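All remarks here apply to the structure that follows.
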Amino acid sequence: MPITPQEALQRTIEHREIFHDEMVGLMRQIMRGEVSDMMVAAILTGLRVKKETIGEIAGAATVMREFSRRVDVSDHQHMVDIVGTGGDGSHTFNISTCAMFVAAAGGAKVAKHGNRSVSSKSGSADALEALGAVIELQPEQVADALAQTGIGFMYAPLHHPSMKVVAPVRREMGVRTIFNILGPLTNPAGSPNILMGVFHPDLVGIQARVLQELGAERALVVWGRDGMDELSLGAGTLVGELRDGQVREYEVHPEDFGIAMSASRNLKVADAAQSRAMLLRVLDNVPGPALDIVALNAGAALYVAGLAGSIADGVLRARAVLADGSARARLDAYVAYTHQLAGQP
């Protein structure tokens, strides 16, 4: 029997789990607009207070994938998404977007799923627009860009139109809900490999196991002890790794990869223009903490994409494509191709 919204709310009040299949049914009702805003807000609050389980998150993500506009990709080999949940409050330049160009230059197919700013001063969509890229591409155009340039950016609002149903509720609530952790789990291109940053240490193991349940091949879920939702230079980073069907949790430090520690304040920016400037300095191979953190995260992406035998090997590969200019060339090629696809000069 499907669970009713009222029964679901009662479960959360009693700190009892909504089982996977029940969550699937409930989310379908919510995404179809069949549940009132008041009840949606109550259920989201109840889940947050109770703390969402692996089964609840996986069930909800399954439905979000069902309702998304998919990007049809025939070859998923070496494909990776580099994504964060946002909400870490670090206000750094857009590290994951910069790492995308480096990983693509290193041979990965980066299917990046992103949105406008949540925690940083510049979300991935903001950063790409500041770099001159056209971000509002249709699914078939994203697939084309991915095939031609090794990069496909999927602007979340275009791929998840059903999210409009819950947008007013989320906006009025103004607090984190399960939807904040669903976005990174619902890549419309179905990337089997993912480097995911999270905003809380508890999510490292949880999200890795959700990805396991959702059928991902390989994943690294990371949280820096300084609060960053990236592999950090300022502290150790907790890692949940999914590989060969198993999840392993461990901790890494920048010095493990021959990188000097550096506080996250050295990576802070005030707006999209500053983020763009710092990102371009990295792609121009200007030494410093920004270059180091991008090399570290791009190296992790190359590892999870199956293009490096370890994160350390991936970092070396990332540094090589930064040094020879191919990472910067990949940015220029991607921006130009998005204009071609959109019919813009």
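Here the Cβ of each residue, glycine as well, is placed from N, Cα and C on the backbone.
Residues annotated as anthranilate 1 binding site in Swiss-Prot: Gly84, Asn115. The 5-phospho-alpha-D-ribose 1-diphosphate binding site annotation in Swiss-Prot covers Gly84, 87-88, Thr92, 94-97, 112-120, Ser124. Per Swiss-Prot, the feature Mg(2+) 1 binding site maps to Ser96, Glu230. Sequence annotations record features per position, and here Swiss-Prot assigns anthranilate 2 binding site to Arg170. Residues or ranges marked as Mg(2+) 2 binding site by Swiss-Prot on the basis of sequence analysis: Asp229, Glu230.
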Candidate binding-site residues Gly84, Asn115, Arg170, Asp229, pick with smallest Cα gap to Thr92 (5-phospho-alpha-D-ribose 1-diphosphate binding site): Asp229
DSSP three-state assignment (helix, strand or coil) for Ser96 (5-phospho-alpha-D-ribose 1-diphosphate binding site): helix
Cα-Cα distance linking Asp229 (Mg(2+) 2 binding site) and Gly84 (anthranilate 1 binding site), given in Å to the nearest integer: 6
Asn115 (anthranilate 1 binding site) to Ser96 (5-phospho-alpha-D-ribose 1-diphosphate binding site) - Cα separation in whole Å: 12
Number of Cβ atoms other than its own within 10 Å, given for Arg170 (anthranilate 2 binding site): 17
Count of other CB atoms lying within 10 Å of the CB belonging to His113 (5-phospho-alpha-D-ribose 1-diphosphate binding site): 27
Conformational class of Asp229 (Mg(2+) 2 binding site) under the three-state DSSP mapping: coil
Neighbour-count leader, CB within 10 A, binding-site residues: Thr92, Ser96, Asn115: Ser96
Sequence-distant neighbours of Arg116 (5-phospho-alpha-D-ribose 1-diphosphate binding site) in its chain (C-beta under 8 A, six or more apart): Gly123, Ala125, Asp126
Fewest Cβ neighbours within 10 Å, where candidates are the binding-site residues Asp229, Glu230: Glu230
Where Arg116 (5-phospho-alpha-D-ribose 1-diphosphate binding site) falls in three-state DSSP terms: coil
Number of Cβ atoms other than its own within 10 Å, given for Gly84 (anthranilate 1 binding site): 28
